[in-house]
């Protein structure tokens, strides 16, 4: 008989959601972690980022209202900011593990590797389970160029004792946009280098261009169409070059060119679990090629458009808890999922993109809304606020939206319900929201 | 034949919603206004208040993060703030009237009075309609005490050229809380006088006490259990007294002791429209005692618990547009409606109160949540954030909530949907919201 009903490998939010979900249904559960209990999000991802970002938002809001009623200036005190972050993050690993221990979920510390007979080696011990869940997530990719040993990652940035006078991010995805926004607000001279001129590629490019313009106005420099080939150390600085004429001197350089799944040293080949470049292959029940091994969260090579985000991993954890305890055998069904980049301002998206909408005028109508003079944004003094909304032509329901504004996170969350519930404008107006708010604007998006 | 299908008396948000709604269904519509087109909300109510409040929020957020990552200070420049407000409000009357004119809604300027034969006198002219809608709203009540001529009102406060060094509000309802918060943030010495010790009486008193404590910590003084009896002018100041030992010297004094319906000079007695102290009596189709006269918005004496708020008036305007064009004959059905006080922090409520919940333990469970250390609030450095949630014991759905935090407006809007749609925690978790946000906290409120 197996030691456990389920062993979960990786104690991030997804693995932990699965663990508690399984426990609640009476399963005997163990969870393995080789690094920080709690995983990426609370230790070196969304949570610390949003703690640092709180100061960015406060500064941004104060700046918008200069000459509209406010004077004075807020500044980042990096060391106090980092203290505040550490006050939160320092408690996460112990708190997470204690929570699991007290709940009677077995916590196994060490690196996990599958053996050929479906057993799992964790450090020195070998353990067995009826079913396994791989929830090992991803780690920052390091661009394989000359001098790549000088790259730091988002993990390093989020724990910098001092903010360098100049910082450079290589790869213009959401991590670069978010960390660049923080570094800029805190007073660093910031560059973002990108190999083409299509940053934040999952987002609507007309809104991304607006965002880039606003970030440039704040002093962030973008170097597009630069294929970096080398990093050289020169005293305390680094010199970044391509094989043309690009050259940039910086105090710190971060690889923000995507994230790669943690699948390489787990012995997946021993148990017949197939992988792709983007992660573990799973079917619509999150089952791998091995009938007793499942996977969830960022480590999955997703077939759909689901973004690799913490709440998606938790959603999958809850799904697997039901599936593995025979509570339900239905395939996983994802709602449409919002995605937010916490820059200044924020950009957010959900559902059908304006590009797809424009490309299919028989089915969709794309509304371009300049929100700048809408009351909600006028009162905040925002320089530019915009939205692109995609409507289904037949039903006149919203099926997608992309938003650029300091309230984009709030608006996209309201739209998440409006879109997933297929609400018409009449159904939205059947609710009465506090007025005037982001929510009370919803009818005007139709 | 009547001049119009419908004449609406009062061009505030409710009347205007009715006008455009009726127009869209082909009715011939006129709308009467004797003061500012657009009514209270955009000219001297919610909108100007929230423009001034934008600066309060920015200051508040900056203060919360002092020693948590921010230094420096934002200050209100009253004259720039007022300029910004006037940039918005100055365009409202003309813009509103032009919009109506261009839409071919007849705009009649002047005071409206019903004549005995169901005709309406507006200034010099007499006009007729098949149906009428009374949408004249309310005005600030002036406490009938000695020296009441020295009282100013919220309308005056929202248009002050200079902020007095000290200001006093008499009556501790939401108007006083909101204006006091603005005046305090802008540097005035603020007093709130109240005749008992039960301010904001529609809100949960344990949360109100927390709010009062936070406002006191910001320097706002509360004088509870004071029955003011006189105001005397003394040079440029005013001396406020009760008939005991209370005496307060202030630069400006505002009557914030509620609002009274505008029903007294309309000739309602000529057309048999009954009224109560709280306004025009209507039935469940918003019809008055006169079969051809309806009423909506703040001027109504409501039988239910619906708060007198702008979005409720607009909701009723849309309802009457359907009813009067025979689109529907059903009685009006209100959803549960949220209510927010924009103090620092905000307090918000919806649905069944904790007091009612505690009083009926067979049906309800009341959850007291200290949100202060929840990530959403920790990252903002909020000193105290709390919620009281009322759950239906049988269905485990949320039926009421009261929230105190700088995000209370956002949270209460999400809860408006959760409550009105009777969502269970599983249904809430079937959506994936951006994480970590106020919306992604929702499952933890159950």
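Here the Cβ of each residue, glycine as well, is placed from N, Cα and C on the backbone.
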Suppose a student reads TrEMBL and sees A:171, A:172, A:173, A:174, A:175, A:176, A:177, A:178 listed for NAD(+). Which of A:258, A:267, A:272 should they find annotated at that same site?
A:258
Near chain B, which of the binding-site residues A:50, A:175, A:177, A:298 can you find when the cut-off is a Cβ distance under 8 Å?
A:50
Structural state of residue A:173 (NAD(+) binding site), classified by DSSP into three states
coil
Give me the Cα-Cα distance between residue A:258 (NAD(+) binding site) and residue A:50 (FAD binding site), rounded to a whole Å.
19
Using Cα coordinates, what distance in whole Å links residue A:46 (disulfide bond) and residue A:171 (NAD(+) binding site)?
19
For the NAD(+) site (A:171, A:172, A:173, A:174, A:175, A:176, A:177, A:178, A:258), what does the 8 A shell look like? I mean other same-chain residues with CB within 8 A of the CB centroid.
A:169, A:179, A:199, A:200, A:256
